[in-house]
């Protein structure tokens, strides 16, 4: 721990391992745990796929098949074009699993990652990538780029320009107003997507840290109360991390369906 006071403890647990200064500041811990989460997802699915059989499937194969069918159903309900359905389906599955694994890191006791890092001479370490706005905003920017891509793919460059200049008021005189309204709506999608995930995961991480502070109290009462509170919040947080992964995936699919489906607008 970086200090001896409660404020020092909280500050230490909420400080990233960084390199660089200013705009070029990079959160190394966020990058590391994001990559580890992605590798775990790929390794797990590769192992299941390589051992898949046409006979009686194992428990993990059943789990993966159910997950794939569920995500495929979500995509089919939203994407009308079969030519991109598999692409967006693969993206949706990746988003859900990747975000879920990154969220699930929050269930590791808050003192374990920093204390292990201290053994390696690393003074600061935050293990939950989705509690970092730079990570969630980075994913949302990728979704934003895909929204632009699929809008142009579906409607053409001319249709893309018309969509953001002649809607909702179909007259050339309202082009500036239309563009402003549509630009705000378009930019709000990735921003809200990023801050929704970040806000929920940051709050969850902070609550775990505050509960851990109770174990440091001199009085026995908060120390005892910290145990059931920790357990209750951890159980509830399982729902939160799953729900947030689903919401991020679902909104991505919905945004891309609006961008691609010609019937919209």
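Note that Cβ sites are derived from N, Cα and C of the backbone, with glycine treated the same way.
These come from Swiss-Prot:
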TRANSMEM  26-46  transmembrane segment
TRANSMEM  88-108  transmembrane segment
TRANSMEM  132-152  transmembrane segment
TRANSMEM  168-188  transmembrane segment
TRANSMEM  195-217  transmembrane segment
TRANSMEM  231-251  transmembrane segment
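Touching of the transmembrane segment (231-251) and the transmembrane segment (168-188) is ruled out by the presence of fewer than three CB pairs under 8 A, sequence neighbours closer than 6 excluded. Across 26-46, 132-152, 195-217, the stretch most heavily in contact with the transmembrane segment (88-108), judged by Cβ pairs under 8 Å, is 26-46.
In this chain, the transmembrane segment (195-217) lies apart from the transmembrane segment (26-46): fewer than three C-beta pairs between them fall below 8 angstroms, excluding pairs fewer than 6 positions apart.
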